[in-house]
């Protein structure tokens, strides 16, 4: 007597199999809809310009000022050391993306969950990642508005003065439109333009400084005349340089767009793109910082373009390049936030994935970052304070801790020492850098008028 098969369901299919298949298809449809999972076909050069866009900020124009706060010796050492350490921790992130055969850690918190456990990993990584990404989006709102205002004031110095608030709103209107591009793949053109612009305005900054020549009264001593001022200035410069490398927060999301096969995993082309990106970053950072400080000494302004002043057309063009760059940078850092919110709504709260949901989520996010940018245009100081608490872990030592937990390198071996050195330096940065940011907030906020 044979074994009978289970009775078919009303539509002729087997109910249990049909249910599993429906769940699987529904899950795949949701994953395909989410911004990070929806494309995996890109080549190494996409990772190159996405990483340049993510890493290089308009803060590159303040690097000569940071050098003036630090001095030649410490400034050059911190710039080179930060470049090396962050390249090393970025390599770790790339290597760990596919450390489990057949699985890809497409998001920073997924890797954290694998290393520290389902709940603890989420609690450790997500708050820090959100602080960095949301803070940077607010800073880019302010930077975009300020650069638009500088462009306006340079091109038309006799025109009526317009409040910074309105320029931030103009910048935000572009982000309202671009935020509806569905995924990382779709913002590739914007990101490429941003990467080109970052190299362009950096080149303008150092080339124009070089053509201006060393100023007659140049001095290379510390800017501050008092010991407390020198110490606070040093800490502020330390934070400015150390946190010029912040692309780690989106590196796994970028790597998720790279195609991968068992024979050719994504880490190969991704690492190639990262190396190219870091060469471009060095070409942006080092000439601007060193030549700018060399030419102007400790009298350099906090934005090197302000020290240059003329020719007006070149300064105006550089400011417009900054605008284009931060438009792209905003999108690169907003996309993982969109992914987190949309994943929560669709997977946890059972909202149907739809254009209307995406429209509400993304417009709300842009509106919130615009509001904070308008309300607190001294947010750069806030970033130095709060960002220091999150930049250091996610960039300098969280990858190292995960590496030690997952791979367990031999105690007192080269890998063990390298990771512990990065961890100690990262913790020191996390403790010291917010002090300079806090002082900057106090100085700027006491004279601040809301919505000015």
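Glycine too: its Cβ is placed from the backbone N, Cα and C atoms.
All TrEMBL annotations are machine predictions without curation.
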Residues flagged as transmembrane segment in TrEMBL, choosing from 20-37, 92-109, 146-163, 164-181: 164-181
Selected stretch (most C-beta pairs under 8 A with the transmembrane segment (120-143)) from 44-63, 70-91, 359-379, 418-442: 359-379
Considering the transmembrane segment (44-63), which listed stretch of 164-181, 187-208, 274-296, 359-379 counts the most C-beta pairs under 8 Å: 274-296
Among the ranges 187-208, 274-296, 316-338, 385-406, the one whose Cβ pairs under 8 Å to the transmembrane segment (70-91) are most numerous: 274-296
Highest-contact recorded stretch vs the transmembrane segment (359-379), from 164-181, 274-296, 316-338, 418-442, CB pairs under 8 Å: 164-181
Sequence-remote partners of the transmembrane segment (418-442) [C-beta within less than 8 Å, at least six residues beyond its ends]: 85, 88-89, 232-239, 242-243, 378, 380-389, 391-393, 395-397, 400-401, 403-404, 409
Best-contacting stretch, by C-beta pairs under 8 Å, relative to the transmembrane segment (187-208) and drawn from 274-296, 316-338, 385-406: 316-338
